[in-house]
Amino acid sequence: MVFSKYKDFVEDGDLVVAWIGRNKLLPLKIEDGQTFHNQYGAFPHSEMIGKRYGQQISSSAKQGFIYLLQPTPELWTLALPHRTQIVYTPDISIIFEKLRIVHGTRVIEAGTGSASMSHALSRTVGPSGKLYSYEYHASRYETALQEFRDHNMLDEINGNTHLTHRDVCKDGFETEGLPLKVDAIFLDLPAPWEAIPHLIKHVNRNGTTRVCCFSPCMEQIQRSASALQVSGWCDIEMLEVSYKQWTARKSRVIRVDDSIDRLKEVKRHRTEGFERRKERQRLEKEFAESAENGEELNDSQVSTPSEPPSKSPTSTEKIHKRIREGDEEYEWSNVARVDSNLKNHTSYLLFAVHLPSQLDNESESTE
Amino acid sequence: MVFSKYKDFVEDGDLVVAWIGRNKLLPLKIEDGQTFHNQYGAFPHSEMIGKRYGQQISSSAKQGFIYLLQPTPELWTLALPHRTQIVYTPDISIIFEKLRIVHGTRVIEAGTGSASMSHALSRTVGPSGKLYSYEYHASRYETALQEFRDHNMLDEINGNTHLTHRDVCKDGFETEGLPLKVDAIFLDLPAPWEAIPHLIKHVNRNGTTRVCCFSPCMEQIQRSASALQVSGWCDIEMLEVSYKQWTARKSRVIRVDDSIDRLKEVKRHRTEGFERRKERQRLEKEFAESAENGEELNDSQVSTPSEPPSKSPTSTEKIHKRIREGDEEYEWSNVARVDSNLKNHTSYLLFAVHLPSQLDNESESTE
Amino acid sequence: MLESSPIIQENSPVFIKLPSENIRFVTLKPNNTISLGKFGSFCTDDLFGKTYDETFEIYEPKKIRVLKTREVQSLEEENKTNKELMDCRSNQLMSQDEIEELRKQIKEGGLRGEEAIRQLTSKSLTFDQKTQYAQAKYVNRKGEKYLQQFRALRPCLETVTEYMLDHDQYKIMELTADCSTYMMTLGNAQPGGRYLVVDETGCLFLGSLLERLGGDCKVTLVHPNEQPNSSCLELWGKEYTEESLVEKGILRTLNWLQVIGPEEALKDMHVDDCTEEELNEMKLRHKKRYESRKASYARLQSSLEDFEKGNFDALFVLSNHTPMSVLNLLLPKIGSSRPVLVYSPYQQVLVDTHHELFKWSNPCEVTETNNEDITNDESSEKHELQDTQNAWVEKLIMLDIHEIRTRPYQVLPERTHPFMSIRGDMGYVLSGLKVLSSVCTVAAGRFPKRQKQGAGNKKKANTRV
Amino acid sequence: MLESSPIIQENSPVFIKLPSENIRFVTLKPNNTISLGKFGSFCTDDLFGKTYDETFEIYEPKKIRVLKTREVQSLEEENKTNKELMDCRSNQLMSQDEIEELRKQIKEGGLRGEEAIRQLTSKSLTFDQKTQYAQAKYVNRKGEKYLQQFRALRPCLETVTEYMLDHDQYKIMELTADCSTYMMTLGNAQPGGRYLVVDETGCLFLGSLLERLGGDCKVTLVHPNEQPNSSCLELWGKEYTEESLVEKGILRTLNWLQVIGPEEALKDMHVDDCTEEELNEMKLRHKKRYESRKASYARLQSSLEDFEKGNFDALFVLSNHTPMSVLNLLLPKIGSSRPVLVYSPYQQVLVDTHHELFKWSNPCEVTETNNEDITNDESSEKHELQDTQNAWVEKLIMLDIHEIRTRPYQVLPERTHPFMSIRGDMGYVLSGLKVLSSVCTVAAGRFPKRQKQGAGNKKKANTRV
């Protein structure tokens with residue numbers, strides 16, 4: 001699987017995730033002869049081949065650079081082409097915790113969507129696990145199929161992922177007549193309650209099966225919760241993932257004393273200005289008097305006092321110049337900022353558990 | 001009003017909020033002759049009279065102290081006897097922002113409950129504003145009435161608050177046949193939608209009226225939102241107040257080098273111990289041999305090497321002693337902690353606006 | 001007192017909210033035409049006498065009428081239903097919020113917007129998204145084109161703050177309305193109060209405080225420049241400008257130099273008295289100047305006297321200066337049992353301040369009255385004072401750092417959820433309460449075992465409370 | 001590889017969850033009686049062969065049976081309905097959460113509990129609250145008395161972490177399961193990986209990592225003491241103990257002294273070889289000791305060799321030591337394009353670390369392969385190496401501090417709302433990705449105008465990325 005093992009060097013045909021700038025990642029299929037362009041110049045693929053993963057590549061004109069990163073499901077989530085609203089890494093990681101996604105877990109996922117969840121699932125369940133992914137939408141199915149094939153994830157080519165084109169709400173999850181049993185189920189559907197009745201065929205007979213419904217609206221959650229309870233699921237839990245990302249920044253330390261010094265400086269300027277004004281008035285008066293007396297004064301003499309007063313390098317002007325964050329001439333304190341645009345909500349996460357003892361209930365009720 | 005103006009000295013008959021300990025406040029009615037007791041001793045009221053507000057008072061036995069604080073609605077909220085779930089200051093402050101509670105605002109509040117909101121409203125709308133508070137529950141009404149009287153809030157004794165014993169859902173808000181019009185309405189009721197139809201009689205004819213429904217459950221909000229829309233309210237907004245309280249703490253700075261030094265120390269001890277063990281073995285052997293030869297060695301000589309090895313004052317033992325947070329012998333960094341028990345939810349806040357133009361709609365529809 | 005009417009009048013300040021959600025501020029001069037660009041234009045006179053907050057439709061060039069609530073609602077519903085159409089496929093399609101976000105980025109222009117378009121229109125995009133995007137764009141354009149309407153909002157904490165956050169968030173230290181209202185509430189702001197304020201948010205906070213108190217208060221504003229920056233005040237109308245507030249006796253201003261050196265500041269401002277005779281001989285211009293300088297001096301003198309008297313009802317600090325450098329100078333001026341509030345955009349700044357405030361103490365004298373003493377026993381009172389004067393310090397208790405945010409929801413039938421994205425940066429508030437403490441206190445609520453009250457004379461009483 | 005069965009077997013580890021919500025940990029030795037105090041007792045043998053996570057009822061002394069899901073549900077519902085009875089009067093009465101909180105405080109004992117009772121029973125309390133409180137108490141007692149049942153939970157990230165947070169939160173650095181799972185996910189933890197871990201949470205994180213990877217990985221654990229503190233590992237069962245993991249080749253351990261002085265560490269551990277003859281003459285006890293010391297030496301040698309080789313797939317740091325002091329020693333050992341994760345209970349600690357990591361760089365040599373070079377052109381490869389060896393540094397990009405929490409809800413018909421109170425303290429995660437960078441980089445994605453690649457040789461390339 002492309003995504004599963006680390007390697008050291010970039011080879012022809014590799015998929016890399018190119019780091020273009022902060023929060024800007026782009027998938028790049030390395031093909032000798034091709035060239036990647038951005039606003040800083042051209043990056044021929046031929047120069048990428050043989051480089052180390054993680055290495056910086058400069059453009060031909062040496063005006064810009066990119067980093068060649070080896071794809072992981074998390075980098076892919078930041079770089080992938082959006083076909084639908086995607087499931088982001090914070091939600092994925094909490095779902096893994098609650099659904100107990102580990103090495104060897106067998107999972108159903110519907111629908112595939114932009115496949116950010118699929119990549120993470122396939123990676124984590126590993127070669128001894130299995131992912132059954134279902135997509136209703138024809139063109140999204142085709143795109144995902146190609147993507148899974150390119151990423152060597154498909155079970156037909158030694159991967160662990162099985163992709164089915166299916167409306168699971170209508171037709172359920174049965175595949176090729178196999179007695180499909182899974183440990184975990186992830187439903188990212190507009191109406192999960194329509195798919196829930198089909199799940200009972202696929203729960204473990206000898207162990208716990210867990211389900212997660214991922215829905216943006218409260219009302220969807222309420223309907224799914226009822227459907228789960230009716231189907232005999234227990235431990236119904238609902239939660240939201242609250243996630244924030246911070247960046248370290250520096251905030252300028254200015255003390256009141258600094259401002260007092262500046263005020264004193266301003267006052268001194270004004271006083272000097274005032275005295276200069278008085279001096280000028282005196283000179284003007286003298287000039288007028290001397291003019292009356294037929295004398296003349298050199299203009300330059302009059303203008304002399306208007307030269308800028310003496311100044312210390314740490315005074316007024318500095319305040320108004322644009323100061324670079326962290327400039328070592330100044331004192332700074334370490335602070336943190338969140339992004340100005342905060343993700344406030346993705347979806348509600350509804351979890352439930354199915355236990356083998358429930359199956360006894362069912363057989364009883366059929367008796 | 002007791003709560004509205006600051007004064008400097010504690011007088012007989014005053015209500016004070018006694019600070020007993022972190023997050024422990026208690027209302028105290030000062031009555032000469034009375035005594036307050038806690039686990040640190042007795043605090044006679046007579047010693048409180050004449051003291052400055054904010055001053056520390058020690059117990060008669062000088063073993064403990066309290067601070068005498070002048071009540072504010074916010075301190076009262078922390079000290080008041082709970083008759084119902086109360087509205088806390090963060091929610092109150094956001095409700096004030098959204099309902100535009102300012103000097104002079106006329107407000108309806110139902111129900112009164114523990115009256116934390118009533119005190120804040122009465123304070124902020126001030127002498128030129130007016131608070132109409134309604135309580136359904138008979139004994140809660142009586143208690144609140146007494147409290148408002150004690151706190152000089154009642155309009156009948158120069159205050160700005162009018163308290164009515166009423167089931168507003170059934171009987172509406174009309175009081176003594178007055179044409180009651182208000183700028184803001186706060187509904188803290190189990191079924192606000194039952195009270196909403198009565199509100200239309202009390203909205204301003206020449207200005208905006210704003211309403212807030214305060215409900216813990218999502219379903220209550222959904223029903224109230226529909227009721228408001230049906231009654232012609234617009235700008236329906238819903239929000240939750242997210243509030244956290246942090247305390248500054250110090251976290252110990254330990255570097256890997258410190259641990260390496262400790263490991264070296266341990267190693268040195270062990271090596272010394274090893275050499276001592278070898279020395280002892282040698283001595284034991286000599287002893288055995290000398291015993292064979294009829295000699296005897298002093299026990300004390302044998303035991304000498306088992307004395308503790310030399311040690312530096314900054315080594316092993318220090319690590320295991322309990323270190324006081326902020327101890328100046330050590331390096332610390334400033335950090336922040338939230339309370340271990342975090343308020344995750346109080347209620348949902350639903351807001352809506354009523355405009356005079358809506359009244360035109362109504363007169364039209366009656367035509 | 002500051003007047004406030006729910007009716008729009010001549011020279012009223014008003015915030016015009018456009019269908020694009022943009023807000024503009026105007027002062028309504030009589031017989032003036034206000035152009036709203038593509039949304040049309042209207043004559044100010046037509047707004048006079050109307051109530052604030054209503055929605056107005058420009059139904060003919062320069063003709064406006066009030067839209068009745070039901071009309072607004074049905075228009076809004078149509079708009080919402082359109083949005084919902086796209087939203088209800090929910091997580092199986094690009095969300096409304098994502099589209100909104102893209103659209104916002106595009107509007108802002110520049111690289112990020114281009115990137116967003118590139119992302120949307122790249123070959124990897126399937127046909128139905130293109131359709132959806134086109135649809136969203138269409139709805140939006142339609143709204144902007146056909147909804148020739150606006151709301152005339154009244155200035156208030158929420159609206160003014162929203163306007164400033166949109167237009168210049170750094171000028172106001174990113175102060176949210178949520179933080180302002182919380183500070184005022186915790187600060188027990190009430191009509192008739194006397195407050196000490198350091199406000200470097202362009203006086204956005206001060207304006208909110210005056211709005212809440214209806215101007216029924218006395219505020220001393222301490223500022224770091226020759227003149228305070230109070231540019232946000234005018235957003236509440238001309239009654240709120242610094243000049244008007246000073247004239248009404250609501251506001252006094254002092255800069256830091258005046259605070260630390262009151263005598264010198266007065267000396268600098270001093271104007272020699274003129275004799276009646278000299279005054280009579282003066283030119284009108286000079287006389288006016290003389291009088292204004294005399295008035296400035298008198299104002300400064302009275303401001304300084306009032307400041308020196310101290311005993312303020314609360315201290316509000318919203319400053320770019322390190323909080324402790326401000327607090328060291330101003331805490332002694334606050335009355336006992338009164339709150340202190342400090343705002344910062346950064347939690348870390350307040351954590352450091354919190355640690356320093358744990359340790360802060362200021363030796364003080366405590367005068368106590370006693371029912372008998374007050375009237376007739378001055379000597380015994382003096383005796384008691386003598387007894388305790390070295391044993392008391394001012395301190396702060398109940399120190400806490402608060403984070404307060406609101407989390408808005410979409411409330412639509414079958415579509416209830418929190419908004420997908422909101423503004424991220426929001427500040428923090430540090431609060432404390434001033435008390436008078438015996439210097440030998442070491443533990444909350446309890447004296448140290450061997451140090452009874454009055455026994456010690458330590459400067460640092462590091463009680464954590 | 002570590003086995004994991006959904007079926008409870010002899011010597012299985014199991015977490016017993018009682019109706020009181022308390023959790024206990026037991027290893028199920030055969031034919032043993034486990035007493036659950038007032039909830040009864042059971043024989044371990046009766047659990048063998050059952051599936052984990054089921055609810056068991058003690059229906060007769062020492063007799064257990066599996067409760068079918070529907071039975072559990074109806075019991076739970078009854079309980080919930082009782083609670084709801086009190087909750088539905090909602091904000092007009094003391095809430096369920098408040099009562100729960102009071103009850104919790106009372107249970108904890110001590111002053112706060114007494115205070116709570118005092119508050120509840122004081123004369124200010126009206127009659128109906130007393131009733132309500134009594135009611136809540138009754139329901140609770142009934143539940144504890146009559147529900148003689150328990151759940152047998154399987155060890156997993158969530159359960160083990162919950163258990164540890166309840167029992168000794170400081171020992172595990174207050175690490176939540178949410179932070180652990182997020183670190184593993186961002187760290188791209190996957191079967192077959194090779195990880196460098198500093199874990200001072202009693203190896204709670206390490207256990208979670210091994211659980212997720214099913215033991216299909218190689219982990220080097222760096223620790224600050226002579227022996228690592230790995231007391232949490234046994235909570236996943238005896239296969240997870242340090243000894244067993246080392247034996248299986250899954251775990252290697254090194255202390256800091258061994259990391260900084262590998263030669264000396266080996267020298268200290270060195271054992272002189274014995275001849276065949278000497279061995280034959282040795283007592284069995286001595287021989288065993290000799291062999292074990294030989295094995296220890298070999299293990300250390302191999303651990304150090306593996307460590308020196310570097311190129312680990314990720315670095316996870318959960319340490320009480322200042323993160324930068326750890327990172328300076330370990331970052332060079334991580335492979336390029338691989339993630340670095342640092343946990344701290346405090347955001348401030350990670351903010352400082354973040355700033356230092358902005359500046360962190362480590363000069364390195366970059367070997368590049370080239371499709372032709374790999375096989376036959378060693379000299380030209382060497383030449384290229386020569387060209388660039390002073391021009392490259394290791395750096396970290398994509399540095400971010402993450403806060404991740406879950407917000408649980410009550411989902412009952414007509415009573416949906418977030419839980420009123422939750423655990424407050426939860427840590428933070430710093431993440432970064434290691435790259436190889438030309439030393440003259442100064443701006444994101446762009447070279448400085450006059451410093452083309454290779455032109456400069458500056459040590460500090462302060463690019464923010």
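Residue numbers in this text run from 1 along the chain shown.
Cβ from N, Cα, C; glycine included.
According to TrEMBL, the feature S-adenosyl-L-methionine binding site maps to A:Glu135, A:Asp167, A:Asp188. The region 'Disordered' annotation in TrEMBL covers A:286-325.
Mapped onto this structure are the features recorded in TrEMBL.
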residue  : record                               : Cβ contacts under 8 Å, 6 or more apart
A:Glu135 : S-adenosyl-L-methionine binding site : A:Ala110, A:Gly111, A:Thr112, A:Gly113, A:Tyr141, A:Ala144, A:Leu163, A:Thr164, A:His165, A:Arg166
A:Asp167 : S-adenosyl-L-methionine binding site : A:Tyr136
A:Asp188 : S-adenosyl-L-methionine binding site : A:Val87, A:Glu109, A:Ala110, A:Gly111, A:Gly113, A:Met117, A:Phe214
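Proximity to chain D, defined as a CB-CB distance below 8 A, holds for none of the binding-site residues A:Glu135, A:Asp167, A:Asp188. The secondary structure of A:Asp167 (S-adenosyl-L-methionine binding site), as reduced to three states from DSSP, is coil rather than helix or strand. Annotation note: A:Glu135 (S-adenosyl-L-methionine binding site) sits in a strand segment as assigned by DSSP. The S-adenosyl-L-methionine-binding residues named in the record, A:Glu135, A:Asp167, A:Asp188, extend over a maximum Cα to Cα distance of 13 Å.
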